[in-house]
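K.L.:
Before anything else, here's the structure in question.
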């Protein structure tokens, strides 16, 4: 049975080959159909890829814009944080410096009372009594003057400046007016009398000078 099939196949091969030689168009048509099928599949795949590509690009662009906005917001927060930190550092440094400068303010105010007493004691000594034939009073007076000079040197060393504005223009930040009075030959608004000297500590008024101010006519 198998041998018969083989003989039949061998017998039909020449006829099949002859039909192919006599009909080459069949081969070309089949090949074209095959190629066309492959091309259609490739075109469909490319079209599908082209359709997906714009969507992907759009998504990427949206993500890019979102990330850029987040980055911008983060940088702004970072800059604000840096500015706040710098402001805090400067304020803290200023507070420390002021504490160093003005920490002795209360102590200085107490010393001013001592300086006032020394000044009054010196002024109370009659100048006509300061003579060589009165050595005790002369020595006492000279001792008071030396002490007053020395305490003013200490004040200056620590930034404490004496204010004696006699004849100067009245300054409400440094002077306190006790009264106003017309004074002949004096410019209105100037200090005519200093009742009590004032003091400034590192440029800040520690105690205003108590003064009388010339009043305009």
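Cβ atoms here come from the backbone N, Cα and C positions, even for glycine.
Pulled the feature table from Swiss-Prot, pasting it below:
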- 1-27: transit peptide (TRANSIT)
- 94: N6-succinyllysine (MOD_RES)
- 94: N6-acetyllysine (MOD_RES)
- 100: N6-acetyllysine (MOD_RES)
- 120: N6-succinyllysine (MOD_RES)
- 215: N6-succinyllysine (MOD_RES)
- 215: N6-acetyllysine (MOD_RES)
K.L.:
Measuring Cα to Cα, how many angstrom lie between residue 215 (N6-succinyllysine) and residue 120 (N6-succinyllysine)?
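P.N.:
Rounded to a whole number, the Cα-Cα distance is 28 Å.
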K.L.:
Take the C-alpha atoms of residue 120 (N6-succinyllysine) and residue 100 (N6-acetyllysine) and report the distance between them in angstrom, rounded.
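P.N.:
Just about 31 Å between their Cα atoms.
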K.L.:
Hey, how far is residue 94 (N6-succinyllysine) from residue 100 (N6-acetyllysine), Cα to Cα, in Å?
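P.N.:
Between the alpha carbons of residue 94 (N6-succinyllysine) and residue 100 (N6-acetyllysine) there are 10 Å.
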K.L.:
How many neighbouring Cβ atoms, not counting its own, are there within 10 Å of the Cβ of residue 100 (N6-acetyllysine)?
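P.N.:
If we count other Cβ atoms within 10 Å of residue 100 (N6-acetyllysine), we arrive at 10.
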K.L.:
Using a 10 Å cut-off, grab the number of neighbouring Cβ atoms around the Cβ of residue 215 (N6-succinyllysine), all chains included.
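P.N.:
Other Cβ atoms found within 10 Å: 14.
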K.L.:
Let me know how many other Cβ atoms fall within 10 Å of the Cβ of residue 120 (N6-succinyllysine).
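P.N.:
Its Cβ has 11 other Cβ atoms within 10 Å.
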